[in-house]
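*Asks:* The 5-phospho-alpha-D-ribose 1-diphosphate binding site annotation in Swiss-Prot covers 94, 98, 100, 120, 121, 122, 123, 124, 125, 126, 127, 128 and rests on sequence analysis. Feature annotation from Swiss-Prot assigns orotate binding site to 124; the stated evidence is sequence analysis.
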């Protein structure tokens, strides 16, 4: 499954690699990889495979889940697809409270006293996941864990989740993606060294 998802992400250019002409993330980090999983929404077969893959992760690791929660904004559609298939309540978590109305940070199903799984599109450092988890816990939820489409495999993410003692699982990761990209002839062996060094240095 990991390789199939990685191939799909590369094929539809949800993930692009540029070892010699780095991208600049919103955080200012210079990176040879850019991931925009919102692109998957335009490909029904890909988004369906992602939905089913995430559902399998949830059934395997968090079978007692009662509420599906998406992170705003890119996690929301995938959470909706999953909640619909599993016939479960769903909500989503903003990065901060609204500045108007009821000033809610969580919209949708009530979380208090419920076992919740958080849906992310991408895990880089784990920061957005922690924000969502903390908001849900504050609302009285029992957060079981996080599932996501892809992770860069950064040590910082591992440390982030370890610090809050929460498990996370992803459909694919950086190592799988690089391997698939090489097999597909999208990158050279020299590119792989650059990509691995970038990840290790950033970690």
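For all residues, glycine too, the Cβ spot is worked out from N, Cα and C.
Set these features in their place in the structure for me.
*Replies:* In the three-state DSSP classification, residue 127 (5-phospho-alpha-D-ribose 1-diphosphate binding site) falls within a helix.
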*Asks:* Look up residue 94 (5-phospho-alpha-D-ribose 1-diphosphate binding site) in the DSSP assignment and report helix, strand or coil.
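*Replies:* Note: residue 94 (5-phospho-alpha-D-ribose 1-diphosphate binding site) is coil by DSSP, not helix or strand.
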*Asks:* Restricting to the same chain and to sequence separations of six or more, state which residues have a Cβ under 8 Å from that of residue 125 (5-phospho-alpha-D-ribose 1-diphosphate binding site).
*Replies:* 154, 156, 157, 160
*Asks:* Count the other Cβ atoms sitting within 10 Å of the Cβ of residue 121 (5-phospho-alpha-D-ribose 1-diphosphate binding site), across every protein chain shown.
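*Replies:* There are 24 such Cβ atoms around residue 121 (5-phospho-alpha-D-ribose 1-diphosphate binding site).
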*Asks:* Would you mind checking how many other C-beta atoms are within 10 angstroms of the C-beta on residue 123 (5-phospho-alpha-D-ribose 1-diphosphate binding site)?
*Replies:* 26
*Asks:* Can you tell me the CA-to-CA distance separating residue 94 (5-phospho-alpha-D-ribose 1-diphosphate binding site) and residue 124 (orotate binding site), as a whole number of Å?
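*Replies:* Checking the Cα atoms of residue 94 (5-phospho-alpha-D-ribose 1-diphosphate binding site) and residue 124 (orotate binding site) gives a distance of 18 Å.
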